[in-house]
């Protein structure tokens, strides 16, 4: 909505009606109340005077994207994450599909990291996960400047919609079935391994895990790496400062030396914000970085 180069023509949601959609857009427990105007008119969602067609199809193959001129579809259900499943959107007239999650077979791209590898022949691509979008630029800057021999990643991750407010059945992930509001819950994540897909030279060099914590938004990536080229923490800070100002990574990587906490980043547009005062170094080749 804020990008003048993007024209949102339609949205599909089979689970809520139009009036409820207006309510959910207007009020948000994390980001607060929407400051603009949102309403309905003639069966459409109207945001700041812009009418948006609303579909309510469970099967993406039945969504008539072509009738509203939608060329690019963001597949963000978390269900249709393979090329075969996401390609169903193409049947309705869409030209390209971007999966907002990791995919087992779709080409994966992270802004600032490997967009140069994009081939227009691709009709379905993955934009990876939120964690990978934070970790991959972090790893790229370090690897390009100092080289990564190996590393371990931990993400301290905010609550997600799949978690439970009270203990409940979760046969495939017993710990994931525990109440979110009073637990730190160990979990798996494929984010570190996914970095190997967008930075092939790091394939097999990184792995990681997650802790789900009772916060609503903003997560942390804690990356511990052994460097190929000895350096100092000051040189690492300089590398990230320069990256945040470069034409390649400006707006994707940000840099801060302030004594910030997680809520200070609510609504931040950067994918990866390097916390210069958050990291530590054991020696000139072994370092923990925070973003």
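Placement of Cβ uses the backbone N, Cα and C atoms for every residue, glycine included.
The NAD(+) binding site feature in Swiss-Prot is assigned to 13, 58; the stated evidence is similarity to another entry. Taken from Swiss-Prot, the feature D-glyceraldehyde 3-phosphate binding site applies to 129, 130, 131, 160, 189, 190, 212, supported by similarity to another entry. Here Swiss-Prot flags 130 as active site, nucleophile, drawing on sequence analysis. What Swiss-Prot lists as site 'Activates thiol group during catalysis' is 157, and the listing cites similarity to another entry.
Annotated features taken from Swiss-Prot, shown on the structure.
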residue: 13; record: NAD(+) binding site; DSSP class: coil
residue: 58; record: NAD(+) binding site; DSSP class: coil
residue: 129; record: D-glyceraldehyde 3-phosphate binding site; DSSP class: coil
residue: 157; record: site 'Activates thiol group during catalysis'; DSSP class: strand
residue: 189; record: D-glyceraldehyde 3-phosphate binding site; DSSP class: coil
residue: 212; record: D-glyceraldehyde 3-phosphate binding site; DSSP class: strand
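If you take the Cα of residue 212 (D-glyceraldehyde 3-phosphate binding site) and the Cα of residue 58 (NAD(+) binding site), they are about 30 angstrom apart, rounded to a whole number.
For the binding-site residues listed here (131, 160, 189), the lowest count of other CB atoms within 10 A around the CB belongs to 160. Comparing residue 13 (NAD(+) binding site) with residue 131 (D-glyceraldehyde 3-phosphate binding site), their Cα atoms are 25 Å apart once rounded. The two recorded residues residue 160 (D-glyceraldehyde 3-phosphate binding site) and residue 58 (NAD(+) binding site) have their Cα atoms spaced 22 Å from each other. Spatially close to residue 190 (D-glyceraldehyde 3-phosphate binding site) yet at least six residues away along the chain are 102, 129, judged by Cβ distances under 8 angstroms. Annotation for residue 130 (D-glyceraldehyde 3-phosphate binding site): spatial neighbours 219, criterion Cβ-Cβ under 8 Å with sequence separation of six or more. Here the recorded positions are 58, 157, 212, and the one whose Cβ sees the fewest other Cβ atoms within 10 Å is 58. Between the candidate binding-site residues, 13, 129, the densest Cβ environment within 10 Å is the one around 129.
Rounded to a whole value, the Cα-Cα separation of residue 131 (D-glyceraldehyde 3-phosphate binding site) and residue 58 (NAD(+) binding site) is 28 Å. Apart from the site residues 129, 130, 131, 160, 189, 190, 212, the chain places the Cβ of 155, 157, 191, 210, 219 no farther than 8 Å from the centroid of the site's Cβ atoms, the recorded D-glyceraldehyde 3-phosphate location. The two recorded residues, residue 58 (NAD(+) binding site) and residue 189 (D-glyceraldehyde 3-phosphate binding site), have Cα atoms 28 Å apart.
Residue pair residue 189 (D-glyceraldehyde 3-phosphate binding site) / residue 157 (site 'Activates thiol group during catalysis') shows a Cα separation of 10 Å.
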